[in-house]
Structures are given as C-alpha cells and as structure tokens.
There are 2 protein chains.
Amino acid sequence: MPRFRLLIEYDGGGFVGWQHQRNGMSVQEAIETAIERLSGQKVRLHAAGRTDAGVHALGQVAHVDLERAWPGDTVRDALNHFLRPHPAAILEAGMVDDGFHARISARRRSYLFRLLERRAPPMVDRGRVWHVGRPLDLAAMQAGARQLVGRHDFTTFRAAECQALSPVKTLDRLAVARVGAEIRIEADARSFLHHQVRNMVGTLKLVGDGKWTPDDVGKALARRHRAAGGPTAPPEGLYLVSVGYLDDGTELSVNQE
Amino acid sequence: MPRFRLLIEYDGGGFVGWQHQRNGMSVQEAIETAIERLSGQKVRLHAAGRTDAGVHALGQVAHVDLERAWPGDTVRDALNHFLRPHPAAILEAGMVDDGFHARISARRRSYLFRLLERRAPPMVDRGRVWHVGRPLDLAAMQAGARQLVGRHDFTTFRAAECQALSPVKTLDRLAVARVGAEIRIEADARSFLHHQVRNMVGTLKLVGDGKWTPDDVGKALARRHRAAGGPTAPPEGLYLVSVGYLDDGTELSVNQE
C-alpha cells in the first residue's frame, strides 16, 4: 500500500496530546478520523514524537498507509476539510518509500520553548508561552544550558513514565536567547526522553531566577535522579518545530521567524 | 485628579472592538469595569485609536483620570486581576501630565498586518492572520505600496462611517516583507482614516494576486472614491503595534520580533 508522509501543525491546547486517550480528543484520533472519512479506511497513524497535552507542533511528522495512491495535495486539502473544527492542519502530504518510518527514520527533533518575562499576562499569545512574570538572568541560563549539551545520562530530566530503552541521549544544541520580552530556548537532538525538554526548561528557569547557579545544573545532571532536577515546565510554552530525516536527502521543516 | 496612561494588549477576537457597543463586550467596557472595581469610580477611558472587532493590539494607549495617586504598578496589577477572564492586559500604567491625551497627543500610530500564504489554514496562529492560501507577488505588492506613501487624499481607502474631518493624511511608511510563509505589511502614520489599513491591505492583495498592477493602486488613489479601491481585509490579521508621543520625550512601544 502507498505510504504517505504528513507534515502537521496543531494547537496543543485543543487536544489531550498526540496519542489516543479515553478522556478526550487526541491529535492522532482527529487525523485518523479525517483519514477514514477521506478513504473509508481505519488506519493507524505513526508520529515522529508523541507530544503531551497542551504541547504545540509547527512541524510534527507522521506516516500512514493508504490503499490508493492519491495525489499529495488532494490528501492535504481533504484532510484539512475533514479535520474541522479541530485545531490541527496538514501542511504537506506526499507519498514516500515503504522504508520510511516517521519515528524510526527521524534523525533530528527540534523543539522551541517560549517564556514570557513581563509582569502582565499574555493575551495575543495566551496558551502559547509560559508566563514567568519577571526578567530572568539570560547569561546564567546560557551557562547552565552549556552543562547539558553533549552525550549524557539524562535520568535527572526523565519522566517516570518514560518508555525509552536508555536514558543516555546526545543533546546537540540547547540555545537560550532573549527576543523582546521573551526567553526562547531551542533544543535539538536525535531524540529526547519523555518530558526532557520541559524538565530542562524548568531547571534553567531556577537558574534564571537566581535560585540555582549554572554549575548546579551540571551537578543535578550528574546525580542521575529525577528528584535532583528542577520542576517540569508547563506544556503551553513548548513547540515541536521540526523533524529531520536523512532517508530522502531532505529535511522537513517549517520556516521560523 | 491624577491622570494615568495605560499601555494595553488585547486579543481582538474576544471583543466587539475598542468602543462601547450594545451587542457585546468592548475593550473599553472591560477596562472601565476593572477600573471601577479597583477605585469605585465610574470613569471614561480615552484611547489613541478605536480598533474594530477582531483587530488586535500589542500596544494600544489610553488615559483615564483617577481620584487617587496610586502607584502605577499597583494600577497595572490590580486591573489585570479584575480584567479576568477578558483577553486584555495592562502592560504598563503610570501617572502623566494633565496635558496628556491618548488620542490628541499621539504623533504616530504603527500597525502590522499579517497574511498567511500557505495552503493549509493556520492553527497555532488561528485568528491572528489573514489566510490567503497561496503565494503572493511580493515585489508587485512592494511597488504598489510605494504608490501610497506620502501625503494624499485617501478617500479611496476610507470607510463610509469614518468621522475624520479630512481625508488627507500622510502615510509615512508602508513596508511589505516576507517572513516565512507570511507577508507582513507595516504601516506608520500620525493618524489613519477608519478602515484605511485594512482597505490598503485588501487592495495590495489584489496586486499580490496579479489581478491589479502596482500602477492600478496609484490610479485608484487618484480616483478619490471608495468604490475605486479593493475590498476591506479581514480584521484578524491587523495589530495596533504602538503609539508614539512627543509630549514626554518618550515613545511607548513594545518590542516586536
């Protein structure tokens, strides 16, 4: 059967997360239902990464096998029609090689986390940023972030429910920058542990608040125990920006400002 | 009585517009009610510009006279508390000279209009951009915009309801740029006619679509008749970004990415 790759955007606030849940609409269920309305097939959609409730995606990738070799643009437009009113959209759809697997073939995941420093709560970006309400120490956060880049046992930043086989991951990039009244944290790795980005962000916020020194981040990492890390940052500031693949020589991504 | 200046952000989708309406909650009513809950006073709030239903503000400015000389931060935080759950927030509040008038003292208004070119509808930015669904001709739009900069009779781009004394305005800047899958149009002037920005944007989109040439924009302007202009762009792509004042040597604005 023809395999299709989908590039997906969603507002995480409108879903219980990527994965099927009994207690509400998941992104997976919304798109699988739209595919059934298009094709008549009951399908299983496989994503590059399962995002939690409230976490947004600008460039999630998933694959699905359909019986017909529809034109990609037809699949995109029809799914966007059937997805209404759910806050998810198919940005691109196209046939790919049978060997492509959205999760297994992925070589890079890129996340963005936005923290709003100003005192007043966000209105235009409500549900899109973590409102921390006061300025953070950017340089200290940058120094703390440097302690996490590289190949490490990230148990300190791993959720108890994490199903990864190993806690050892290579964090390729963890950049902290100020943009207007926001701190933006960008994280790139081949893969992440469950809650790893949110737990790293929650810890770096302690550094930004002056409660931790940058060196405390490295010490917490070395402890290899979740209790040694900072709290989990809320989901609404987190975006799955893009997923990179080598298999077809291209990298699926969306432009970021 | 002490006069206060407020810097205000709001999500225009949550209101019937700035000004009091019988058919729903206006930004003005929401903030006046919050001020009454803080101070016990029934007040009248004066804004730099009356935005329409659906139009957002990142830096609207208003003034109000209060009986007590509250600290500005107290006013800001208390109003933000009482404003819940309306999608409006006070970014800054502070006492100003009696001679300050949010509308009359304003020397510059800056607006942003965002158009999303991609086929798929916006999800993370739903209600925040005009979804046009296909690429526009950027260079042609830039050439069309140049026809509008300067001092002109803008009757072609003026709403029938406009209450301005004269249709002659000086448009200081009309910049068109591509950012990712968006076209962003920035407009600066001392003041604008009612619907002027949305009517200019609706006209420039005709140029971007190839239905009009850039020169057609100048010809429409010269006709000095609303029927000669393009359609009114929808409100959800429009943002009042900032208002500038000379009176106190400062310019109230918020950082834009």
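Each Cβ is built from the backbone N, Cα and C atoms, and glycine gets one as well.
Unlike curated records, TrEMBL annotations are generated automatically.
Positions annotated as domain 'Pseudouridine synthase I TruA alpha/beta' by TrEMBL: B:8-88, B:145-245. TrEMBL lists B:Asp52 with the feature active site, nucleophile. Among the features that TrEMBL reports, substrate binding site is placed at B:Tyr111.
With DSSP classes pooled into helix, strand and coil, the tally for the domain 'Pseudouridine synthase I TruA alpha/beta' (B:8-88) is 28 helix, 20 strand, 33 coil. For the residue listed as 'active site, nucleophile', the same-chain residues 6+ apart in sequence whose C-beta sits under 8 angstroms from its C-beta are B:Gly12, B:Gly17, B:Trp18, B:His195, B:Pro235.
Confidence in the domain 'Pseudouridine synthase I TruA alpha/beta' (B:145-245), given as mean pLDDT, stands at 97. Residue counts of the domain 'Pseudouridine synthase I TruA alpha/beta' (B:145-245) by helix, strand and coil are 34 helix, 32 strand, 35 coil (DSSP-based).
Using a 10 Å radius centred on the Cβ of B:Tyr111 (substrate binding site) and all shown protein chains, the other Cβ atoms total 25.
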